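According to TrEMBL, the features are:
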TRANSMEM  85-110  transmembrane segment
TRANSMEM  122-141  transmembrane segment
TRANSMEM  212-231  transmembrane segment
REGION    284-323  region 'Disordered'
TRANSMEM  385-408  transmembrane segment
TRANSMEM  420-442  transmembrane segment
TRANSMEM  454-477  transmembrane segment
TRANSMEM  551-570  transmembrane segment
Amino acid sequence: MSASLMERLLGRDGPSIALLFLLYTLQGIPMGLSGSVPFLLSGKISYKQQSLLSLVSLPFSLKLLWAPLVDALHSPRIGRRRSWLLPVQFLAGTLMIWGGASSRVLAWIGDGPDQSEPDVESLTLFFGVLYFLMATQDIAVDGWALTMLSEGNKGLASTCNTVGQTLGYFVSYVGFLALNDPQTCQRFLPAFLLGDAFADEKPGALIDLAGFLRFWGWVIVATTVAVLLFFPENCSSRETQRVSSSACRNELPRAEATLAVGPLGAPGEEVHFSTEEILGEVSENGEGQGGVQGVQGAQRTLRRRGAHPDANPQSAATLAEAAEATGAAEPEGVLESYSLLWQLLFLPPVRTLVGLLLTCRVAFACVDAATQLKLIERGVKKEDLALFAPLFLPLGIVCPMMVSRFLRGRFPLRLFSCGYLLRMGMCLVWAGAVAMTGHLLADDGGAQMSSSHWAALYGAMFLITGVYSVCSDLMFVSQMAFFAQVSDPRIGGTYMTFLNTVTNLGVKWPHTLSLLLMDVVGVQDCSDASDATSEVMGGAAPTCRVVLDAYFVQVAACFLAGVLWLALCWRRVEALQQVPLAEWRVEIRRPNSSRGDSDGTELKRVEK
C-alpha cells in the first residue's frame, strides 16, 4: 500500500495510530512476562503456590473500581489522559529496571547465585503491582483513543488494541522463553551473539529474566519521555478546549448545519452555518468553557441572526455535539464520576448491551473451556499444542488489521453477527475433531500411526484452530469498534472500562460453569473398578468406561443455547446500531449561570 494511499485513508491520524499501537504493545510486555514466570517455576513450586501467582492479573478484572478516578482527576496543563499515562508508565518502567537490578528477580525465581527456594510472595507482589500500573495505563489509553482519532478512524483503536497487546504478549512470552533457553539459542542463533553479557546465571542463553526486565523497563521509560515531549494532548482539558484547536473541530462533521428561520421554527428561508461558526459561538459565549452556558449563548446569537435552533431537532443536535467537542460538561470531581458510572447502568441501550454481552458467549463456553483438555486426555501431547501459539501470531496481527478495513461505517456489529454464526459452526467442527482424535488414539495413544497420519491430524487441528481464531477476532474487533463508537468521550476511560469489564464477565462465567459441569453431566460406568482407589496422591484412580461424554453433551447444549440467543437477540444487536449517540450519553447537570438565557432555555439530552 503506497504512502499516498495510507495518507488518504488515515489523514492526519497516522502518528496517533502509531502512538496507540506502541502504547498497547508496551501494555502487553508485563503481561507476557508474568505469564512466562509460571513456566519457569514449573516443577519448583506447588499448585497452591501457582494459584497464588495467578492472582497477579486480578487488577485487570477490578480496574472498573478506580476508572472514575482516572476520568475525574487530572492536570489541565498536562492533559486529561497524559496526567495518568505518564506517571504510571514511568513507574512501571522504573519498577522493571529495579526488579532486574542486582539479579533481584532471579533470586525470587530461585535462579540466583545462592540457588534458594523461589519467593512466590515477592513475585506475586512485584507482578501484581506491574499489572495494576498497566491496568491504569489501559484506562487512560482507552479514553485517549476516543478523542485522539477522527470519527472515521475510531474503529482503528480496537485494531491497535488487539494487534498491539498480541504483539507485546508474544514478544515477552514466547520471545523471552526462546531467548532464555540455551538449546534454542544454540540451535538458531549465531555463536557470536551468545555469551554471559545478558544471561549471567544461564550460560548459552542470550538473555535472562533480569536482563529482559531491564531492557523493556528502559524502553518504557524512553517511550514515556517521548510522549511527554512530542505528543501533546488536544481536547482533553478545559484550558486546551478552545475552538482554535483544529483537533477539536475535526471531531465534528464538516458539513454545514441548516437552521430553520421564522417564529418558533415556522417555514421560511433557511440559514446555513458551518461547524466552525457554531463551535465559535459555543466557545465565545461560554468564555472558553463550553457547556450549557456556551450553548445558551450560541442559541441567543443565532436567534439574532434569524435562526431558531431550539425549534429544529437536527440543529439542536449540532449544538449539543458542539458543546461536547469543546469539552463542555466534563465530570468535576471523583464523586461525580462515580455518579455518572451509576447512571450508565440505567441508560436503556447500555442495559440492552450489557444483557447481550453477558449471554452471547454461552454458545462457545464448552469449546473454549475444555477442548484442549479433552485433546490431551485423548493422547495429544500438551507440548505439541503449546507450539501452535507462536504459529498463530501472524494471524493474530493480520486478521484484526483486515477486519478494521470494514469497520469504518456505522454498523460494526454486523461483522460481530457474522463472526458469531461462523464460530457456532466451528464449535460443531471442533466436537467432530475431538471425537475423531479419540478414535484414532484410543488403543495405543497413536503408537502405530505413521508420521504422515500425525501430520494430517495436526494439520487438521491447526486449520480448525486458525478458522476459529478468525471468527473470534471478527467478534472481538467489531465489538471493540462499537464500544469506541458509542462511548461518551467525557468519561471515556470509565465508559470503555465498564464495557470491557462486562465483556470479561460474559466470558468468565460460562467458562467456569462449563468446567464445573464437566464431571456432572456425563455418564460413566465404573462397575469394573470397585476395588480401585481414587487417592489424589498414591493409589490408582478408578478406570471407568465413558458411556456419554460430558464434552459432547455440553457442546450440543451450548449450540442450542446459541440458536436461542440468535432467535431472541439478533434484532436487538441490529437495533443497537440504530440508536442515536445522544442516547448513549449520561447527563452532567450544572447549576444555571447568572448569565443564563432570559427565556429559560436549558440544554438537555438531545432526542433524535
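One is the number of the first residue shown, and numbering goes on along the chain from there.
In case you wondered, yes, glycine gets a Cβ from its N, Cα and C as well.
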Checklist line | Contact ranking winner - 85-110, 122-141, 420-442, 454-477, 551-570 against the transmembrane segment (212-231), Cβ under 8 Å | finding: 85-110
Check: Between the stretches 85-110, 122-141, 420-442, 454-477, which wins on the count of C-beta pairs under 8 angstroms to the transmembrane segment (551-570)?
Finding: 420-442
Note to self: I need to check the long-range neighbours of the transmembrane segment (454-477): which residues 6 or more away from its ends have a CB within less than 8 Å of a CB in the stretch?
What the structure shows: 158-159, 162, 367, 375, 380, 384, 388, 391-392, 395-396, 399-400, 403-404, 407, 415-416, 418-420, 422-423, 426, 429-430, 433, 437, 440, 446
